[in-house]
Amino acid sequence: MALEKTRGRRISVGETAVVVGAGRSGLAAARLLCREGAQVRLLDSNADAFSGREALAGELRQLGISIELGPHKPDQFENAAFVVPSPGMPVARLAGLVDEERAEILAEMELAWRYLENEPVLAVTGTSGKTTTASLAAAMLHEQGYAVFLGGNIGTPLSEYVLSGHKADVLVLEISSFQLQTCSTFCPRAGILLNITPNHLDYHKDMAEYTEAKFRLFRCQDEGDLAVLGESLRSLAARYGLKARQVYVSDAGRFSGSSLMGAHNRVNEEAAWQACRLFGVSEENAARALARFAPLPHRLERVRELEGVLFVNDSKCTTVSSLKVALEAFDRPVRLVCGGKFKGGDLAGLADLVKNRVSAVALFGAGREHFERAWQGLVPMTWHASLEPAVKHLAASACRGDVVLMAPATSSFDLYANYEERGKDFKRIVGKLS
């Protein structure tokens, strides 16, 4: 039986707390700290952060929250006891601004964790598969009859749950490396680490720091807790001296009837199931939940089949490693749409996979030179200024049995606000094909 978890200190009435970033998690953290009697300063480097949200700004000021917009200055952090950075803000940017001997820098999730009433937590991290696995775990727990909160890095911040006053039986939380880096006492009853491949190296100084952040998920666990890890992490985990009971999962495939494509989803399913077993979820209920589970948008999402050609939206594919996973999910010829703001990675390492599985590549937007340099001579490639002509080009010459797959292997920020917008555009384009 796991012992009651030790939590970090809570803010004291009258102490100063600085929240950096006026996004959803920052607003939730500011409200929680305000509720606890702190003097709250809400900072955002974007001078237009509340443009069109004037009523919200007025509401926050009514609560006593001070809002300061524009470049951050050291005096904004004076006398701070807590500093809660935006999940997307590298902690290194606070150097020279925060007196770390006086102020504690902590993630919004760490802050909210300190105000929970001992609800058990199932937390999921990894370079890829986090959202699907967290959603699967929530579905399995729900099938068993639990009242479940699903949130964290997916949807609702944990601070919003704390403020709501609701009480769930189990909290299922997706958590990123950004959040984990400033978690000090956060401790899930069951923690899942699916995989680690190069990502977010514009945020973390190197791969070692990124890996260290991911393994912080387990640092406060004890022998009564559970650590579920992808089989590929077995040797790496040995370096970290995990105290929790460990289970390693592979793509062997326990369940039948899943609508999720790809061997990587067998890993996601097994990881969710192993974590849910700790809460008494039966294999039968897990299987029922999985049979009803619909693929999440933009993750190897079947859009439509037109005259025997399958169109698949994998806009969430933003890295080279996730492109590899996407290509391995199909045993039929793939006509690949990719391109965008390249984040780095070894595209040349996919040469054999591209040569054997991809019949044509349509590049769009930025980053074309990376793909052309890595795959020149392996497969016919064309470049298009935007997504629509790229999709239409591949669709026009596709044969029955082909897959037209959008798996960009890049971020979307050259042409779109986010990967969701890019995926929606792909679905719009495909929906108009005839």
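The backbone N, Cα and C atoms fix where each Cβ goes, and this holds for glycine too.
Cβ neighbours within 10 Å of Lys130 (ATP binding site), excluding its own Cβ and spanning all shown chains: 24. Taken from Swiss-Prot, the feature ATP binding site covers Gly126, Thr127, Ser128, Gly129, Lys130, Thr131, Thr132, and the record attributes it to sequence analysis.
Thr131 (ATP binding site) falls within a helical segment according to DSSP. Using a 10 Å Cβ-Cβ cutoff, Thr127 (ATP binding site) registers 20 neighbours. In three-state terms derived from DSSP, Gly126 (ATP binding site) belongs to neither a helical nor a strand segment and is classed as coil. Cβ atoms within 8 Å of the centroid of the Cβ atoms of Gly126, Thr127, Ser128, Gly129, Lys130, Thr131, Thr132 (the ATP site) belong to the same-chain residues Val124, Thr125, Thr133, Leu194, Asn195, Asn268, site residues excluded. All protein chains considered, the CB of Gly126 (ATP binding site) has 26 other CB atoms within 10 Å. Spatially close to Thr132 (ATP binding site) yet at least six residues away along the chain are Leu260, Asn265, Asn268, Pro295, Leu296, Arg299, judged by Cβ distances under 8 angstroms.
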